[in-house]
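In what follows, a structure is listed as structure tokens, so that the remarks can point back to it.
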Amino acid sequence: MSVMVARKKVVRKWEKLPGRNTFCCDGRIMMARQKGIFYLTLFLILGTCALFFAFECRYLAVQLSPAIPVFAAVLFLFAMATLLRTSFSDPGVIPRALPDEAAFIEMEIEATNGTVPQGQRPPPRIKNFQINNQIVKLKYCYTCKIFRPPRASHCSICDNCVERFDHHCPWVGNCVGKRNYRYFYLFILSLSLLTIYIFTFNIVYVALKSLKIGFLNTLKETPGTYPSTSLTVLTVLEVLICFFTLWSVVGLTGFHTFLVALNQTTNEDIKGSWTGKNRVQNPYSHGNIVKNCCEVLCGPLPPSVLDRRGILQQEENTAQEESCPREPSAQDPTVAQGPGGQAEESSAQQKGGSVPAPSLSDAEVPEEKQLTSGELPVPSQDAGQAEH
């Protein structure tokens, strides 16, 4: 005898989300699949700061001020916090249309454009939207089956539409969009300050050592105990890393400061959306640098619309076989009945008087068994006559 048992398997929504993202910690962490350069970013920051705290900071804290390593630690922690917040968060991914929604949108497009003869290219799928008395075109995404909101774009690497898409940054291992742009800007700003700080005090360290023992002796100095722990080779390596980082990170920070002041994205700047031949004015700019900075960096942060940790329930039917039949017992009333049924009735009358009549619940037991096995109960003819 086999019984079908329905078991519910709890599945989170992040397990069924399309796109090329990876999730960790039960959907709490969301990143792109290509994370190799992100690990390089962590290695460069952690390695450079570890060398600086281990060697130069000890000497500078004694010779100059103990506030030097404290301020460096604050910059380091702030840069790491904003980096992880940028890398592990939802940048503003827009959910794809459900099959019913996609079919409805397709019907609307066909009704608007009409039938296109064979051999002719269908018109572009565009909707006009007005922002600050200016027409903005909403483009249709053939992958997500939606009309993208203003300033949204489809990331070819993550294969998702991102709201207020700025760019895909491999150094942080994630897209940069509406929900994590401020953290990305704070990260590159704090990293620039940290790089300048370490680079400056590395030069100060070499200068102080050169004043005491000479520049050539400083370069020839070998690792030793404190205070002769310069490790010149590692110091030069730190200086080189900071020097080349200054050109990229500080320049990137200046470029994004310019974009924030204009309330513009990198994607819009590359495409020339507001500075092209048409000379269309940016409808999102307030015409004031302070207002633009407040909106981009201090405005309310919208919640994620993905609901990554929402629950999807799936039922799995498993069959369980009962190989051992139930053995009859002496207390079972069905075993106590003989062929005639007289001895059993008399013994029952001797112990408790008369034999109790079957109750309504006992009469319904066969019907309940039929219901649990999946068959519908069929009324008998006697029951039909009784109703008449």
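Yeah, the Cβs are placed from backbone N, Cα and C, and that goes for glycine too.
Predicted automatically and left uncurated, TrEMBL annotations should be read as such.
Database features (TrEMBL):
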TRANSMEM  37-55  transmembrane segment
TRANSMEM  67-84  transmembrane segment
DOMAIN    137-271  domain 'Palmitoyltransferase DHHC'
TRANSMEM  183-208  transmembrane segment
TRANSMEM  228-250  transmembrane segment
REGION    316-388  region 'Disordered'
Long-range Cβ contacts under 8 Å made by the transmembrane segment (37-55), restricted to residues 6 or more beyond its ends, are 31, 69, 72-73, 76, 79-80, 83, 87, 170-173, 191, 194, 198, 201-202, 229-231, 234-235, 237-238, 241-242, 245
Cβ under 8 Å to the transmembrane segment (67-84), counting only same-chain residues 6 or more beyond its ends: which ones? 41-42, 45, 49, 52-53, 57, 60-61, 172, 183-184, 186-187, 190-191, 193-194, 197-198, 201
Per-state residue totals over the domain 'Palmitoyltransferase DHHC' (137-271) - DSSP helix, strand, coil: 76 helix, 19 strand, 40 coil
Please compute the mean pLDDT of the model over the domain 'Palmitoyltransferase DHHC' (137-271). 84
